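> Please find one structure pasted underneath; my questions will follow.
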Amino acid sequence: MSSFAEARIDLDAISGNIALLAERAAGAQVMGVVKADGYGHGMVPAARAALAGGATWLGTAFIAEALQLRAAGIDAPILAWLVPPGEPLTEAIDAGIDLGIGSMWVINEVIDAARQARRQARIHLKVDTGLNRGGIGPADWSAAAAALARAEAAGLLTVTGVFSHLACADEPDNPATTAQLEAFHQALSVVDKAGLHPQVRHIANSAALLTRPDARFDLVRPGIATYGLSPIPGLDVPGLRPAMTLSATLVGCKRVRPGSGVSYGYRYVTDRETNLALVPLGYGDGVPRAATNRAPVFVAGRRRTIAGTVCMDQFVVDIGDDTVTPGDRAILFGPGDHGEPTAQDWADALDTISYEIVTRIGRRVPRVYTGAVR
């Protein structure tokens, strides 16, 4: 783990983002989604910050993540929505973790685990409304609801929630979202006819929370917006603040002649006499190799572009006639307050999404936390 590079995480920004999203949710509860190590920000600190900002639920992909939150002393409701075979269901039930049921086979697994735990399982039925990924499809909604109703009547589980996930919410005018919401209402009707009465119905991710009031239901699940990044490129959300700033101290700087090849494969060749600054971060830290000759970096008070191939541990920036000294700082991305690039700028440069940019920053880069909530 390096001391010369850091991902500085503003926990007050996370809390403030949740508070802002709660206002936009207009009465719906807010689930802070902290899967994938809190989108690279650190799961436990992000969870605490989200709760401090007004989240009443936490969301993870896997049971192991939820158990880590419990081990950290967090007792808020947690939903783990992706349950592969072999997961520690009994341990999850003992820990009071809500489980997402997205396949028919999982129902029997959870019932068996509840018997072993001698405790009611808390489950959320996931219905597939058109994403065609996880979730029980329309042909099996009635059978799933009936099976859950029988298990609930037997005292083995309680159906805490019903949920789904949207495919195209980041395209506000895409009719697929309306079609999925209509399908979700149909699924809720099936659940109601089976005699189930879930506490929370939820389908809205960050994009739907911000653009589709009809998708909010009882609970919303902001993911990327929790961390201050817009779920829709080009959509400005006043008040959202990016929480992560990725930076490193420069290792050195050298003057080179025109025509000098830079880094592996000489994919960048200088066209003049110039200064090259060396940044000690690379694809071993989550900086994509695809950032070669494409991604922006803030060095010596200006935005530059990575020059040459991104290596495992380092990359080069052409700074022209400007000068730097070892120990000066290069900022890869941050809130943009001082002219530095943002994670969205990186996403635009690499033809990807900001989610990937922040989530892929590796464990070799220490997280340094600021803010009142720790």
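Just so you know, glycine gets a Cβ as well, placed from its N, Cα and C.
So Swiss-Prot says this about it:
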ACT_SITE  Lys35  active site, proton acceptor
MOD_RES   Lys35  N6-(pyridoxal phosphate)lysine
BINDING   Arg133, Met312  substrate binding site
ACT_SITE  Tyr264  active site, proton acceptor
> Tell me, by DSSP, whether Tyr264 (active site, proton acceptor) is helix, strand or coil?
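The three-state answer is helix.
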> Rounded to the nearest angstrom, how far is the Cα of Arg133 (substrate binding site) from the Cα of Lys35 (active site, proton acceptor)?
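That comes out at 18 Å between the alpha carbons.
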> If you count other Cβ atoms within 10 Å of each one's Cβ, which of the recorded positions Lys35, Arg133 has the most?
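When each Cβ's neighbours within 10 Å are tallied, Lys35 leads.
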> Are there any residues in the same chain, six or more apart in sequence, whose C-beta is under 8 angstroms from the C-beta of Tyr264 (active site, proton acceptor), and if so which?
Gly308, Thr309, Cys311
> What number of additional C-beta atoms lies within 10 angstroms of the C-beta atom of Met312 (substrate binding site)?
12
